[in-house]
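What TrEMBL annotates here:
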type     : residues : note
DOMAIN   : 41-290   : domain 'G-protein coupled receptors family 1 profile'
TRANSMEM : 25-48    : transmembrane segment
TRANSMEM : 60-81    : transmembrane segment
TRANSMEM : 101-120  : transmembrane segment
TRANSMEM : 140-158  : transmembrane segment
TRANSMEM : 198-216  : transmembrane segment
TRANSMEM : 237-260  : transmembrane segment
TRANSMEM : 272-292  : transmembrane segment
Amino acid sequence: MEQKNGSSFTGFILLGFSDQPQLELVLFVVLLIFYLFTLLGNTTIIALSHLDPHLQTPMYFFLSNLSFLDLCYTTSTVPQLLVHLRRADKSISFGGCVTQLFISLGLGSTECILLGVMAFDRYAAICKPLQYTVIMHPRLCALMASASWFFGFANSSLETVLTFLLPLCGRNKIDHFLCEVPPLLKLACVDTTVNESVLFFVGVVILLIPVTLITVSYGRIVRAVLRIKSSAGQRKAFGTCGSHITVVSLFYGTAIYAYLQPSNNYSQDQGKFVALFYTIITPMVNPIIYTLRNKDVTGAMKKVLCRGQDSR
């Protein structure tokens, strides 16, 4: 293939934080600690959801899917970043860049849809408690989870192709620590207005559908909870939704900043730190958010720990 279309590059240079060498060692230590906590927290959620029969419900089925997503998403970017923070060579192959963009976009899009599905699960649990087990049948849960993955990676395929079809004319220095759409668009040597408009529209669609589902679900949840006469019942109902709302706010807040703002307003330095937030901070705090006030998870954890001590 010709040099001008950019596909003959042997690779890209991820500039990352190379302009702030004094920051690299600090970031390496902090990110390594956060990454280890991310692995531990999300693996714990997945393990508990499979080991404790009381957690084998639709809510924890989707939660274990979310934890698996977070594990994969963090692992698709952070190990490479840790290596680059300690080495002078910050290159990534062309194929590696395409793969990283495809996987990270696919996992991010899947999580976007999955959070909408989880809101529907909370709606069924609170507004239709007597029919909950019928509505959230295991087959339906598996179908909704599979659909989240399918549409997430279908969206990623489209965005990845649209991004790498742009001619780069020899430019290969990405002012970021990972391959992501906004900094890749800045490498193009042609007008990217059409591509940006299409990508913006696709991003709005993949966000709008789950957001609509979340808004409608929680609108009905609030009405149902307000009809509960006891304050204790209201607190319990809102408590089951509080963790999900917090996670949704963190995820959508960073996603909207990163992908749904005009390119002329996009600050590269701010974009890097926002990307750090959703690649490592959010996946790390999700298990904490879901366990701090969740008696089922903490109870299951105590059972597993006590079982381990008894076996000794």
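Cβ coordinates are placed from backbone N, Cα and C, and glycine is handled just like the others.
Caution: TrEMBL annotation is automatic and unverified by curators.
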Checklist entry - Counting Cβ pairs under 8 Å to the transmembrane segment (198-216), which of 60-81, 101-120, 237-260, 272-292 comes out on top? => result 101-120
Next on the checklist: Please compute the mean pLDDT of the model over the domain 'G-protein coupled receptors family 1 profile' (41-290).
Outcome noted: 87
